[in-house]
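> Shown below is the structure under consideration.
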Amino acid sequence: MRYLTAGETHGPQLTAIIEGFPSNVSIDFEAVNHQLARRQKGYGRGRRMQIEKDTASIVGGVRHGKTTGAPIALVVENNDWKHWTSVMNIEPIEGSDETKRRVNRPRPGHADLNGGLKYNQRDLRNILERSSARETTMRVAIGGIARELLKEFGIKVAGQVIRIGDVEVQRQDMPIDDLIRITEESPVRVTDKEAEARMIAAIDAAKEDGDTLGGIVECIIEGVPVGLGSHVQWDRKLDGRIAQAVLSIQAFKGVEFGIGFEAAKRRGSLVHDEIMYSEARGFCRASNRAGGFEGGMTTGEPIVVRGVMKPISTLYKALQSVDIDTKESFTAQVERSDTCAVPAASVIMENVIAWEVARAFLEKFGGDSIEEIRRNYESYLEQTKSY
């Protein structure tokens, strides 16, 4: 199963095609669009979120509410396109329109300069339009489709914010349904009310200073069976694939599983999860410091992944840059942006991980229809129970 996306941040629409999705999976369109609505929320977002009301239209591969096995085509229209029709026109234009909104002062931290050099573009808008995090809108919609498959097998996905700037939450263990409910009610997607207030104050202070804030987000997936992924080749290790997916999200700079980098401080006896056996659960772990993975394969324990998002690179108090035409020093150009997108990044990370887990699920229990996959899945569960 794979997908491709296309489209620019100020173009007419974003487009995706999903190939290899099985047939007869019921698609809840409201649930898919709910993921897009979640992405647009969060304290610290910019004015673009007041313009766009993202809704994904499925224009192929689904009929009468169920997938057909054909490629699934998705479209999300950009409402802001009407303000950019001349600047982003696909036809050649002349005169002053050609230079309107041209970007020639690359922004530190963005793809602007590297992309301009690589693709030999003198207008860096041709780089930033595609490298923009607006592209994650479509990846969230794709993750929403993947979640419909996972839902068939009782697999649940949740996310939360762990840190914004120097404010960290007090961790609370709770059932995943409670985690989902509480974080949905928080403007910064946390379970800690005291930390929530301090995070909002920190975002306000950064905005006042023309600055931005990053943070740490966590994704938890429950109900995943043992054995997704494989140890036999480097590119089949599911934790490695998830790590790549997380780091492909704009502005993400780090990823860890379970206790992650904390493992470097501990002795092995305080890192590895002891193996237990019970009639009710079969083989299981006494703890989950590994975050649900050993040897590149799922252990059957919850998958726990954290990602680090750097502060957004577009600063209203712009940093120093160089004009690519004159080579003179200037402050970087400013594009409309957010002060803090960490709460939204939590939703994005949930959905890119959901896609990778769904891919691995199909590789393990593969079939062309949901009925075939279910038979394979149930047979495998019987096999592991009798091991």
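Glycine too: its Cβ is placed from the backbone N, Cα and C atoms.
Those TrEMBL annotations? Automatic predictions, nothing curated.
If you look up TrEMBL, you'll see ARG39, ARG45 marked as NADP(+) binding site. The FMN binding site annotation in TrEMBL covers ARG130, SER131, SER132, GLN250, ALA251, GLY295, LYS310, PRO311, ILE312, SER313, THR314, ARG336. TrEMBL lists 95-116 with the feature region 'Disordered'.
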> Select one residue from ARG39, ARG45, ARG130, LYS310: among these binding-site residues, choose the one with the most other Cβ atoms within 10 Å of its Cβ.
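The largest 10 Å Cβ neighbour count belongs to ARG39.
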> Measure from the Cβ of ILE312 (FMN binding site) and count the other Cβ atoms within 10 Å, all protein chains considered.
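I get 24 for this one.
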> If you count Cβ atoms within 10 Å of each one, which of the binding-site residues SER132, THR314 comes out on top?
THR314
> Measure from the Cβ of ALA251 (FMN binding site) and count the other Cβ atoms within 10 Å, all protein chains considered.
19
> Do me a favour and check the Cα-Cα span between ALA251 (FMN binding site) and ARG45 (NADP(+) binding site); whole Å is fine.
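A Cα-Cα distance of 15 Å.
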> Check ARG45 (NADP(+) binding site) against DSSP and tell me helix, strand or coil, would you?
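Reduced to three states, the DSSP call for ARG45 (NADP(+) binding site) is coil.
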> Which of the binding-site residues listed here (ARG130, SER132, LYS310, ILE312, THR314) have a Cα atom within 10 Å of the Cα of ARG39 (NADP(+) binding site)?
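Qualifying among ARG130, SER132, LYS310, ILE312, THR314: none.
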> Whole-number answer please: how many Å between the C-alpha atoms of LYS310 (FMN binding site) and ARG45 (NADP(+) binding site)?
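Just about 15 Å between their Cα atoms.
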